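Annotated features, as they stand in Swiss-Prot:
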REGION    1-317  region 'Ribokinase'
BINDING   Asn194, Met195, Ser196, Glu197  ATP binding site
ACT_SITE  Asp263  active site
REGION    343-475  region 'Cytidylyltransferase'
Amino acid sequence: MQYSAQFNRAKVLVLGDVMLDRYWFGATNRISPEAPVPVVRVQENEERAGGAANVAMNIASLNVPVRLLGLTGKDEAARALMQLLEKQSIHCDFTQLDSHPTITKLRILSRHQQLLRLDFEEDFNNITSADLLRKLESAVQNYGALILSDYGKGTLNDVQKMIQIARKVNIPVLIDPKGTDFARYRSATLLTPNMSEFEAVVGKCHSEEEIAEKGLQLIKDLDLSALLVTRSEKGMTLLRPNNAPFHLPTEAKEVFDVTGAGDTVISVLATALADGRSYEEACYLANVAAGIVVGKLGTSTVSTVELENAIHGRTTAGFGIMEESQLKAAVELAKARGEKIVMTNGCFDILHPGHVSYLENARKLGDRLIVAVNTDNSVKRLKGETRPINDLATRMAVLAGLSSVDWLVAFDEDTPQRLIAEILPDLLVKGGDYKPEEIVGSKEVWLNGGEVKVLNFENGCSTTNVIKKIQQLKE
């Protein structure tokens with residue numbers, strides 16, 4: 001079966017314990033004269049979304065609309081967190097309190113070691129959920145799935161009411177449980193405990209059969225629709241009443257850091273279910289995503305590009321749709337192998353024989369062909385409000401199917417000049433009636449010792465002509 005990482009129908013609502021993670025990095029080479037502790041000279045800092053906010057970031061990285069509900073203080077940390085989230089187009093709908101700080105965790109690191117963590121928090125157990133419940137009731141019917149993200153900080157004190165609000169409108173509720181009191185999650189659609197959390201509730205399991213038996217009993221006891229047990233290096237197991245256990249082996253090639261892997265799993269699960277996928281497909285995609293994220297350092301997200309490439313068996317240095325950072329790494333490896341890198345760019349709105357022939361000819365000029373593709377906003381600025389006809393994901397998916405294309409990357413500017421200057425191909429190619437010196441990026445390539453070449457398009461082949469023919473047929 002052919003799976004896809006394009007979630008065009010999905011919209012996800014997240015409610016839970018939101019946090020701000022702060023990191024201070026510095027050098028340490030002496031002990032304080034005041035106490036037997038190292039002195040850290042802070043050189044840089046970083047801020048990341050944590051808790052339920054990291055779940056929302058994972059969903060946003062899949063190009064899916066997401067709304068986040070939670071509790072924060074009225075403080076600088078809340079503003080910093082909102083800025084991080086809104087930069088990723090996440091709709092923040094926080095209940096802000098004068099009485100509590102925004103949950104913030106400050107980590108001080110030196111030489112890749114965490115020396116100290118400072119927590120700024122006060123749990124929300126004594127806070128009424130009335131405002132959150134009102135917001136949830138107002139919003140939930142507009143979304144395809146609800147994630148309740150529980151880190152035990154008190155935001156989900158009224159978790160039963162939250163579950164019932166969503167179930168009334170037939171919205172699936174997914175929860176990554178906290179603690180051993182799973183009864184508080186009764187009637188949720190799906191729980192995603194890891195193996196240790198699962199065994200803490202049902203007891204030690206000595207076989208696959210025992211996991212299935214105890215899991216199905218838990219589903220019955222809690223009136224769940226499904227249970228997904230994540231099992232580290234053993235993969236994950238989906239259990240549903242009247243269905244055989246669905247086991248997926250781990251997709252991880254190398255494990256650097258499991259931080260945030262649970263957030264990635266539940267995010268992809270909810271997104272896939274909100275998009276109308278089956279439980280089995282949702283679990284497959286979540287398993288692939290988990291295999292990607294544990295290969296990264298720190299709390300990370302998985303992009304649509306990475307997920308699509310992993311589904312189709314593409315490696316970072318192999319071929320396919322890439323993010324700019326991945327492309328740079330792939331080009332560096334290819335150049336180290338002595339391969340000649342060819343680069344071209346365009347909108348490629350409606351792929352026609354002229355495009356195919358041009359790309360085949362460009363590929364023959366070297367060992368690897370990079371195609372830089374204008375984003376939808378970039379095309380709109382260049383071609384007008386009616387363009388593009390096909391969105392970026394569609395255009396790149398079609399181009400990725402051509403054997404002549406090795407790597408695809410998107411750019412949002414009007415021209416790819418910055419991208420070309422970063423990549424510095426051995427040969428820059430453009431189709432049309434240009435003079436080499438007129439081609440964007442030619443100066444940068446020449447200064448680096450590269451070449452610039454103009455190729456001809458086939459006569460009569462153009463996207464504009466294709467659009468005109470379609471319009472004539474409509475008339």
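Placement of Cβ uses the backbone N, Cα and C atoms for every residue, glycine included.
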Fewest Cβ neighbours within 10 Å, where candidates are the binding-site residues Asn194, Ser196: Ser196
Candidate with the highest Cβ count within 10 Å, taken from the recorded positions Glu197, Asp263: Asp263
Inter-residue Cα distance where the pair is Ser196 (ATP binding site) and the residue listed as 'active site', in Å: 16
Helix, strand or coil at Ser196 (ATP binding site) [DSSP, three-state]: helix
Shell list (ATP; ref centroid = CB of Asn194, Met195, Ser196, Glu197; cutoff 8 A): Pro193, Phe198, Glu199, Ala200, Val229, Thr230, Arg231
Residue counts (helix, strand, coil, in that order) that DSSP gives for the region 'Cytidylyltransferase' (343-475): 56 helix, 26 strand, 51 coil
